[in-house]
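Student: Attaching a single structure in structure tokens format; questions to follow.
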Amino acid sequence: MMGEKKIKLFVHAGHRYFWTFTGSKILRSAAMLTLLEPPGGAKRSPNVGGNYNNRSAQHLLNLSPEEDDLYDQYDEEIDDFAENEPQSLLDKFLVWRTSSSEFNERWKREFRQRPSWCDADLCLQQIKRGKATGNQWALYSRSFIQKVLFALGQSVQRNAFSIILMVSMVFAVCCYGLQYVHIETDIVKLWVSQGGRLDFELNFLPNIKQKMNLSATEGEAEIPRENGLGGGYQVLIQTPEFDGQNALDIGPLLKHVEIMKDIASFNVTVHGEQWSLSDICFKPAPPSIDNGSIAGTVSDVIDRIVPCIWITPIDCFWEGSKALGPHPQLPKKALGLFSYLISTLPEGETIRWSDFDPIKVINEIHNAFNLGSHYTFFERAGVGHGYMDRPCIDPLDPECPEMSPNHFDVCPHIDRIREIARANGEELKEEKKKGEESSSDWLDFLRSKRSVEGENSTLTTTTTTTTEPTTTLSPEQIAREKELELSREATKRKERCDKFRKSSLQWIRENKDKWSQVLTEDKYPKTVDYGKIMSEGCNGFASNVLHWPVDMILGGAKRDEQTRQLKTADALQSVFLVASPNDIYLRFKQKPGKSPLKKGLNMTEWNEKMAEAVLTAWQRNFTRNLYDHKDNRDENGAERRTLHPLASTSIADMLEEFCQFNYTIIFVGYGLMLAYAILTQVRIDRWLPSAESSMGLAFAGVVVVTFASVAGLGLATWFGIEFNAATTQIVPFLTLGIGVDNMFMLLYNYRDLLKLSGGRNDLAILMKETGMSILCTSINNILAFLTGTLLPIPALRSFCAQSSILLTFNFIAILTIYPAIISFDLRRRKSNRRDVLFCLHGNQQEESYSMISKPKLPNKRIIGAASEASIIQRFDGITNSPLNQEENEEATSSWLNKQIHNHYIPLLSRKSYRAFVLGLCVVMLSISTYGLKNTTLGLELSDVLPEHTAPAQFLRARDKYFSFYPMFAVLQGPNINYAEQQIQIENYRKAIGASKYVIKNSMDEPSEKYWLGLMRDWLISIQEGFDQEMATGEAFDLETGEIIGKNVSEDARIAHALICSKGNVFECKGRIGTVRLVDKSGVIHQDAFYNYLTAWFNVDHMMYYVSQASFFPTPPKWSLKKNSTDNFVPPAQPLAYSQIPFYLTGLTDTPVIVEMIKDIRGVCERFTDNGLPNFPQGIAFTFWEQYLFLAGNLTWAIFIILSAVFAVITLILFSPRAAALILGVLVIITFELAGFMGLVGIKLNPVSAVTLITAVGIGVEFTVHVIVAFLTSLGDKKERTASAVDRVFVPVIHGAFSTLLGIVMLSMSEFEFVVKYFFVVMSALIASGVFNGLFLLPVILSIMGPGREITPTDGKSLLNLPPPLTKRNRRCATSRNSESDEDDEPSGLVMFSKKSNQPQQGNLRKI
């Protein structure tokens, strides 16, 4: 052949071998070769593809004597025995399937140091040949995993484009699910464990309604009750303007009055109508009035007069009436004829609670129309004079009523005030008179007739007298004259007072220093002792039933130790109860025979959903107006928040706003990760990326992890896992930080891939050697987050489930898409093209060729000199041996590698360093123990919300100043026999009331009245009315039981109806005079209990509202008829649901709340066991119940994840000792992390519990790589430790820093709990993991590390490769590589470029 040159190399099996060159380049050293058959060569087995006893070619061609010991010599006896030995099933599939001839020299050198890391099959072959011993089960496991990963790598490399396309399509389908994302903002649904006791209790009422297939009737009104954060409550907290300000002072109290007036005037426009607080507030239902009665004509006006129920400290004072309205203003003329007939109405054109005396009006109406049972209701409710007899906060208020204890009458002093004011150059302003009312209205005449008659009579007498000639007046006439004169003077004084009253009071207010000139000291305006007035709490407009405990309305209250009267308080709190959407809908629904209350409202479209829109709009307006209130800024306009509002919509609105993905932060975070990944992988050659650079792969890796994360979120959506703040604020960054760790591990090993693979099966080798660590860490991370789902908190379950799905997708992407992308980059590197700028070739250097993979100048060797193995033994670490010096030339080029090689690895061999690390670990554990002792339970709700939001600031103010929580004791029917269990129910209430956390009244009973007690009181009151009629002997016929009297009172008629009603029977005979509604012991008559319940619910409906009983099912409708025989009272159905209210106090922190829950739960469980099913309900139980089981759940979860880690690592590595070491380090990391949280004040709660659980899985990242590298290395413990550190230190550090970089954006989250419980804790976890994984663990391994997976029988620190296999050796196994030689002959001489280690063209011919 033209131009072909041949060099004869050797003779083998009767054939002559020549190296044929088709080009002109001939290796200069080839001419120096002398090929001789060594003398005395023994015959070799004909089955062996190359004589490795003689190595007539390879041995002589090797320019370095160090190559002598790469292979074991073929031993006919040993290898024939290995061939003929019966094979087990594992041997058949996992051994004798890899030939040592398939790899290049660089890989073979790697194998000699880390045999099982490189190929477990070859290790097993050496064990079968008797050349080594070791843990065969571990090697079987590793061989299986390596072969699977090798096959995966081969498949991906051959079908890279198809793999990318197929997996990407699957991921894209998963991404499609993101369109169905639902972000859960209901704090109760996020926090309450599903399927548990609390979940059952919160859903008991809806479930029982559904079970009974009943719906609420129009007569039912749902009572606002605690369902997490108030439900039917709006709250305002007023905090001090400066430190030390006493809230029990005139300034803060009047400020609160003005704010309450502002709130009452808030309006929103919805559905074309204006809506105020009075429209949507919760108010007691007014007494039932027949439409045909005279009062029925003004029933709508009565509805407007009945005030809203709100709980406020200003109810202690007259000023509390100012905000009650009515709103909008109610003119007197709306009462029609009654406005003129009722003389007790206040003066003025409007009806206002500030000058309205309800008991006077009620008495006048009762005297005229006999209100019957309604009158007794007002007596029992304690309506009294309303606010007219309560003290005034400001006695100088012109409207402070005369009935007020500290009313200041300025009228007698007006003349003196005007005189002194003129002396000082001031003139009091005269108040303009209002227009006189028309005198033509004859009703005015009727109203003032009596007073005018007397005056006219006097005038007539006087006139008649003056016509007589005598001038002498009788004593009576003189007295009348004096009375008239005094009356005229009083009228003048009143007119003068009306003109100058306000201006005089203003002068008194502004000139306190001149009081002595006008008043004697005993006449000075008196401010009351606000603390004394409020010491027992405050009452609403109905003082007997509406009582507000001190702890509910005053924050930080302090009492005098002796008198127990209040001295100071730090904050004021007002609570506004709003109606349910159903109540609002019913309130404004068109009623037959009545005009609509909202004339602009479309009644055909009006429904409950529209009512809910009204309620929501007002609540949002409430928080917005108060948040922007002028009192939240100081005189200079700077923010000074003293008003903190919260509505039941606030938290949901805030969560919905802040649970959205913040794409700016996400893009910045991912950008930082991209920048870090690119910078760590860049290699520069003449100001351009070199061919060895991997910037493109780093960029692709971050993109792949991102794509996988998005697809994982999509699949989570398909699975119905709802998003929340943890999903949007944490998951994207956490999974990115963890996901790129595997990318860095692949890239670190990819750097030397071509040197190891020799250009054959590149990706398969990369996957085989790196995949084991990736498999261990990924599985344990996924298991850790899956274990986190054991905590029964829905938000945390969603977070852990989503994280485990995302990490699974990252794992799949790293093993499929990313290797496929690497395969494309391999082509670039093989063609010597620059990274990123792949159209440009890399720097060309003069290449030298050799017929071996790593040409070296031969070292001079002396017979008897120390062998290579013995030389290695003299080094503290394998990485310092001559064998590894060139191999690590590129690795040591980076600063970090240099520090590791030059400083850290030598330290590992020093006892002083090891003692220092162990001592430091002991110190850290001691500090952690101290921190753990200081750990407290709790997670403030304010921490879960963004700091600058109104809800967060409200919750912080509440946590600081108030320790008050409402609760309900729910009686769980329908199997309770209320009639027979009355005493047990009463004892149940008393038992709960005995708790030190329950607020009590002066009688040492629970402060709140409850429905059974109110019902008993009502029955007693109508029994008294019945007894009074019975005493006359004319009202009832005792034989027939019928009513025979004509003017029997309404109370007696109701009592008669109740006595005659028993179950479904109406029978009066024999019952009148014998049946008592309530016996002497206070037990309601049992036979007719449910009949009485119906009557109380309908007649005393306002008390039912006040009791907050919330009956279900509601009793049937009933009203008293004129005909006594028609007054059968139908029985109510057995109650499936009713509740008893309590107020709790002293709940300052989580441990106290948990203790309270245990106390109350103990009572409830005791009565449940005794046949009274019940459970407690309220905010404290909703959000703190979980702490009862947190420690147990956390311990169980950590035990499970530790067991899972131990099982997984033991199964993969088959080294219980190694798994135990990893477990020990993980326990140390977890313990240190828990101690750290205690030291920095991070409380133990479900969020921190999740972090502790996941710390176990994430900690595997820092340990398993080191352990695997240690197990797979040869040498003594110190050498293996050094080798392991050299192998994994850099990628583990990259992984740790990338995880930190992934979560660093969490520090910018607006949620404090994200910053505190994830960024800070995860950063501490990474720091602890790095220390314990890369510093403590190597020290432990150097002292007590597990044994090697394989040990050469010759005692050396290197393991030779087994001889190459023939087809017979492989036991009919198919060839692993189609490129391998057909005859399984040695691959002969392959030329490699010194620069690229890639085979050069040439042919080895057999002739």
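Each residue's number is its place along the chain shown, starting with 1.
Glycine too: its Cβ is placed from the backbone N, Cα and C atoms.
If you look up TrEMBL, you'll see 160-181, 663-684, 696-718, 730-750, 771-793, 805-824, 913-932, 1194-1214, 1221-1242, 1248-1272, 1284-1305, 1317-1341 marked as transmembrane segment. The region 'Disordered' annotation in TrEMBL covers 453-483, 1354-1407. What TrEMBL records for 457-476 is compositional bias 'Low complexity'. According to TrEMBL, the domain 'SSD' annotation covers 662-824. For 1394-1407, the entry in TrEMBL reads compositional bias 'Polar residues'.
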Student: In terms of Cβ proximity under 8 Å, which residues at least six beyond the ends of the transmembrane segment (1317-1341) contact it?
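Tutor: Cβ under 8 Å, 6 or more out: 730, 734, 908, 913-914, 917-918, 921, 924, 1221, 1225, 1228-1229, 1232-1233, 1236-1237, 1240, 1242, 1247-1248, 1251, 1255, 1258-1259, 1261-1263, 1266-1267, 1270, 1277, 1280-1281, 1284-1285, 1289, 1292-1293, 1296, 1299-1300, 1303-1304, 1306-1307, 1309.
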Student: Can you work out which residues elsewhere in the same chain, 6+ from the ends of the transmembrane segment (1194-1214), have a Cβ less than 8 Å from its Cβ atoms?
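Tutor: For the transmembrane segment (1194-1214), the nonlocal Cβ contacts are 135, 137-138, 140-142, 145, 772, 775-776, 779-780, 783-784, 787-788, 790-791, 1220, 1222-1223, 1226-1227, 1230, 1244, 1249, 1252-1253, 1256-1257, 1260, 1264, 1267-1268, 1271.
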Student: Would you mind listing the long-range same-chain contacts of the transmembrane segment (1248-1272), meaning Cβ under 8 Å and 6+ residues beyond its ends?
Tutor: 114-117, 138, 738, 741, 745, 772-773, 776-777, 780-785, 787-788, 791, 796, 799-800, 803, 939, 1190, 1193-1194, 1197-1198, 1201-1202, 1205, 1209, 1213, 1215, 1218, 1221-1222, 1225-1226, 1229-1230, 1233-1234, 1237, 1242, 1280-1281, 1283-1285, 1287-1288, 1291-1292, 1295-1296, 1299, 1317-1318, 1321-1322, 1325, 1328-1330, 1332-1334, 1337-1338, 1341, 1345-1346, 1348-1349
Student: Using a Cβ cut-off of under 8 Å, list the residues of the same chain at least 6 residues beyond the transmembrane segment (913-932) that approach it.
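Tutor: Sequence-remote neighbours of the transmembrane segment (913-932) are 907, 1228, 1231-1232, 1234-1239, 1331-1332, 1335-1336, 1339, 1342-1343.
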Student: Average the pLDDT scores across the domain 'SSD' (662-824) and report the rounded value.
Tutor: 82
